[in-house]
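These notes are about the structure you will find just below.
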Amino acid sequence: MASLYQRFTGKINTSRSFPAPPEASHLLGGQGPEEDAGSKPLGPQAQAVAPRERGGAGGRPRFQYQARSDCDEEDELVGSNPPQRNWKGIAIALLVILVICSLIVTSVILLTPAEDTSLSQKKKVTVEDLFSEDFKIHDPEAKWISDKEFIYRERKGSVILRNVETNNSTVLIEGKKIESLRAIRYEISPDKEYALFSYNVEPVYQHSHTGYYVLSKIPHGDPQSLDPPEVSNAKLQYAGWGPKGQQLIFIFENNIYYCAHVGKQAIRVVSTGKEGVIYNGLSDWLYEEEILKSHIAHWWSPDGTRLAYATINDSRVPLMELPTYTGSVYPTVKPYHYPKAGSENPSISLHVIGLNGPTHDLEMMPPDDPRMREYYITMVKWATSTKVAVTWLNRAQNVSILTLCDATTGVCTKKHEDESEAWLHRQNEEPVFSKDGRKFFFVRAIPQGGRGKFYHITVSSSQPNSSNDNIQSITSGDWDVTEILTYDEKRNKLYFLSTEDLPRRRHLYSANTVDDFNRQCLSCDLVENCTYVSASFSHNMDFFLLKCEGPGVPTVTVHNTTDKRRMFDLEANEQVQKAIYDRQMPKIEYRKIEVEDYSLPMQILKPATFTDTAHYPLLLVVDGTPGSQSVSERFEVTWETVLVSSHGAVVVKCDGRGSGFQGTKLLHEVRRRLGFLEEKDQMEAVRTMLKEQYIDKTRVAVFGKDYGGYLSTYILPAKGENQGQTFTCGSALSPITDFKLYASAFSERYLGLHGLDNRAYEMTKLAHRVSALEDQQFLIIHATADEKIHFQHTAELITQLIKGKANYSLQIYPDESHYFHSVALKQHLYRSIIGFFVECFRIQDKLPTATAKEDEEED
């Protein structure tokens, strides 16, 4: 019966599907009390042998049976005279042994490093910790509003205006008022007279939401509802201030409304919207998720006199229907436009309207280029009050054109063109302009030798009386500029973030924009335990806010730009630091592995009580889409932390071919063969770990979500060096299983246009891989209302698993979206994943052979 019980197909797990987590010592190879109590009694000989055999490989018990011969029994029955004992010799021998043992013990004590006894007093990280206030990182969301002032939100909830030079603080909004309004978000008007609050906010997709908005005079004014003239108590899709005074816009039913100042009636300036079909100033699903990476698709001119907005038309895009199973007798569906690989894409156009005087709508003209028959708009940025920069990307995503458009005529002039044999990466990043708009800085891929291209800063300068621009590189090297922050014309300096130190780090640099282009690291060794940063500058660049994101607990400090002097700490997250100090946090190590011509980074998480003599289970986590990064020095406390701290597992991550920030050669290796090279690199990482004596080779697992779920499922059947199973179990959360079922912009970027050559799509199907699954435990988790990766992917996968008689479990979340916005659902999700791996890593008692044979005979 045991073999039949172990092999099941189609079991749907609930919260009770996983047993109570065993102690960490059980995962390390010890036997838990439950197993001791439940084990079958053994005969005298088996009991005598078992303790001697318990120290075998992996710490698992072995059982031996020894047949007794007739001679043995005769020896026991025949009596004999006992020999005379030499008591003096025995005493001397015992004394010598005692002295030797004492010397050995003394040597061990003297030579062994002192153990951190404080670890035993520290708690282990739990799932509850992930959601507790003690572990909640507070981001003050500081925003510069002048040369010397910024606005931020303190931990208690109040909104503060702070002057850097005088160090004076003014409370703009009391935290109690925000609580009374049940506000989720706030925004202060540029003149600091009014605040805009949103409440009853409901998420739509990853970034978008709907909600009710009110305006309130600072500091104690009564709230007044923000509504279109024709509707009261309206639920808006967006509301936000402009760059000057009290001007604001809001979007209702995909139409744009403008209000010159608070108290004046709003007017509808764009009225072509159609709910769910034609979007004005907002992204549809595809643009929000894959192109702009934001729900906002409108952009104010610097002086507030004009507004650029995108019109996205989904009328020709096929409809996808998300079912809702609960809450009604009959299931209902929510339709929305979702373009899959090869299907019709949304069309997009860019418009500019004047906000002073009669509304005049002007469309910006796309490039007249046959390669741009179908295109995306990936970036919009105002250069001056009348010039707007636009990046146009063809559907194949291998040709982009950066233009500068005249907002008064709609004519666009090409400023730069880029082309790739694979795909173009980082196409939604904004350039930084000089005040007159004649000079701008942007990031592009520049050849740097054998490792391919790296992303560096280029300056483009317009020449008087010439149609040609002067192009010059500001930075170079085998590292990437990750973001241009700002340009200081007065000092001829450019400020940016880069990976020059290490790919897994981010530091703040400045570079001269004239002469030698000399650069300087501003954040290196500036703050302790801070190697991964982001930053923002005051309007005149005299001061900057430095946000340390790791490896230590995140902090925010304010510095003088000239001498980097720390002026004060804005947020130290002291309660998180204390909570971390009181917990057994994982030890983090970094290594590199050599795969063909590449040196790939690995990150290893070990238990705080790690010792080389124990045996630990191993979990490989594969995550992130091509161009992303899993190995970094950012601070994180996740469910993986719980698995390491509370359950004694070792977790490993590896940035293999296809990952970002290591050159375009490595990035583009995966083109048209997703999964193939990633499997090789991730398996090399596993093989490297299996060479370590402290890794239990019989307890190895893999996990991934989204694209990582595709990879984890792809990797799970992989064989080891002896053609045996490498992985004991694996799990995939919301896996992509067939790229022709996924978003057009994503699939076509890496596999080419579907319909022209479908071989890459067929080769990357998971159906070809899961047939090789044998007895590994496989947990699939998916929300039924997942708007990003439809449950259809999992349904197709399960069909193949059933055909292959695979050993799988399915856990669904009815009517839940992709991003699990509910805290309760996230807790349940994390417990389910942890519980699955704890059970997978449990060391089962090996029954004696005779007992096993009896079970088989009973079957």
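Each residue, glycine too, has its Cβ placed from N, Cα and C.
Record features (Swiss-Prot):
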TOPO_DOM  1-89  topological domain 'Cytoplasmic'
TOPO_DOM  111-859  topological domain 'Extracellular'
CARBOHYD  N167  N-linked glycosylation site
CARBOHYD  N168  N-linked glycosylation site
CARBOHYD  N313  N-linked glycosylation site
CARBOHYD  N398  N-linked glycosylation site
DISULFID  C405-C412  disulfide bond
CARBOHYD  N465  N-linked glycosylation site
DISULFID  C521-C524  disulfide bond
CARBOHYD  N529  N-linked glycosylation site
DISULFID  C530-C548  disulfide bond
CARBOHYD  N560  N-linked glycosylation site
DISULFID  C729-C840  disulfide bond
CARBOHYD  N807  N-linked glycosylation site
Q) Since the record lists N168, N398, N807 as glycosylation sites, which of them has the fewest other Cβ atoms within 10 Å of its Cβ? A) N168
Q: State the Cα to Cα distance, in Å, between C405 (disulfide bond) and C729 (disulfide bond), rounded to an integer.
A: 55
**Q.** Fewest Cβ neighbours within 10 Å, where candidates are the disulfide-bonded residues C530, C840
**A.** C840
Q) Mean pLDDT over the topological domain 'Extracellular' (111-859): what is the value? A) 92
Q. Which is it, of C521, C524, C548: the one of these disulfide-bonded residues whose Cβ has the most other Cβ atoms within 10 Å?
A. C548
Q: Determine, from DSSP, whether C405 (disulfide bond) sits in helix, strand or coil.
A: strand
Q.
Taking only same-chain residues 6+ apart in sequence, whose CB is under 8 Å from that of C729 (disulfide bond), what do you get?
A. A701, Q776, Q777, F778, L779, F836, F837, C840
Q) Just the number: how many Å between the Cα atoms of C412 (disulfide bond) and N167 (N-linked glycosylation site)? A) 46
Q) Since the record lists C405, C412 as disulfide-bonded residues, which of them has the fewest other Cβ atoms within 10 Å of its Cβ? A) C412
(Q) Helix, strand or coil for N313 (N-linked glycosylation site)? Use DSSP. (A) strand
Q: Compute the C-alpha separation of C548 (disulfide bond) from N560 (N-linked glycosylation site), stating it in Å without decimals.
A: 16
**Q.** Residues that sit under 8 angstroms from N529 (N-linked glycosylation site) by C-beta distance, when 6+ apart in the chain
**A.** C548, P551, G552
Q | Nearest of the recorded positions (N313, C530, N807) to N167 (N-linked glycosylation site) - Cα to Cα | A | C530
Q | Nearest of the recorded positions (N313, N398, C521, C524) to N807 (N-linked glycosylation site) - Cα to Cα | A | N398
Q) For N807 (N-linked glycosylation site), which DSSP three-state class applies? A) coil
Q: Measure from the Cβ of N167 (N-linked glycosylation site) and count the other Cβ atoms within 10 Å, all protein chains considered.
A: 10
Q) Between N398 (N-linked glycosylation site) and N313 (N-linked glycosylation site), how far is it from one CA atom to the other, in Å? A) 23
